Amino acid sequence: MTFHKYHGTGNDFVIIDDRAMQFDETDHARIAHLCHRRFGIGADGLMLLRELTGYDFEMVYFNADGHPSSMCGNGGRCLVAFAKYLGIVEDDAHFLAVDGPHDAQIEADGTVRLKMQDVAMPRRASVGEGDVFLHTGSPHHVQFLGPAKMPLAELDVFAAGQAIRYHQAYGPAGTNVNFVEVPADSRQPWSVRTYERGVEGETLSCGTGVTAVALAASNRGAASPVRLRTPGGELEVAFNQRPDGGFDNIWLSGPAVRVFGGEI
Ligand SMILES: N[C@H](CCC[C@H](N)C(=O)O)C(=O)O
């Protein structure tokens, strides 16, 4: 069976064209093995592209722990790029993911723009002074590091992220955790580092995470489109804020790169 390795600003994935429905999605141990950084191919997640009536394709997503999870923004962008690589789509895509339908556009330079589901108004997080929580297809806790706090580059994201991810306030499902450095000028990129649930560590970027950060930053002076700087590269989030404080017409944009392929 052929696999394809993609990354979107360093958030990386094993992708399989499973239109023939050959892959056993219940074999969580095998998925975790394929994502293992030493004993497998290595990835933050694995995705299956499958056929579905009424859509160009269906996105089936698993975290590196081998279990299915909520929406993956960078994964969705990579799967659209893969669908073009397969010749399934040209420059527009309409697919179904775990959180519902998504539209996407592929620009001439390869940038993939992914429309996200509407997002409710951010709510005060029940852990962390001043922290907020949003669900952007995946659950995200957002902590803005004020000037008095440690610089983002020096933060122990694993320890700080793990403590919030497993905090009782988030129950057994937990959450992803994003730490944000507020730029002096809100038009500059907002720097983000993310601890990802289901990877159980820091990823080089997180698409639904930077989406949560951009929307939360809109209440701190950021205006659409917001540029987000992650250790894996730069992403952009455009959005409309509704009168009720929620958000719609949300687009996550950035690169999606095919790295290599092989057989498993
Ligand atoms: N780990 C996330 C799913 C992947 C999110 C991330 N890779 C993205 O790009 O949105 C979760 O279990 O909620």
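Cβ atoms are placed via backbone N, Cα and C, with glycine included.
What TrEMBL records for the substrate site is N11, N63, G73, N74, E196, R197, G207, T208, and among N176, N178, N240 the residue it adds there is N176. In this structure, R197 (substrate binding site) belongs to neither helix nor strand by DSSP; it is coil. Residues D44, G45, C72, G75, S138, T194, V199, T203, C206, G209 surround the recorded substrate site, their Cβ atoms falling within 8 Å of the Cβ centroid of N11, N63, G73, N74, N176, E196, R197, G207, T208, which are themselves excluded.
Distance between Cα atoms for N11 (substrate binding site) and C72 (active site, proton donor): 10 Å, as a whole number. Counted over every protein chain shown, other Cβ atoms within 10 Å are most numerous around N11 among the binding-site residues N11, N176.
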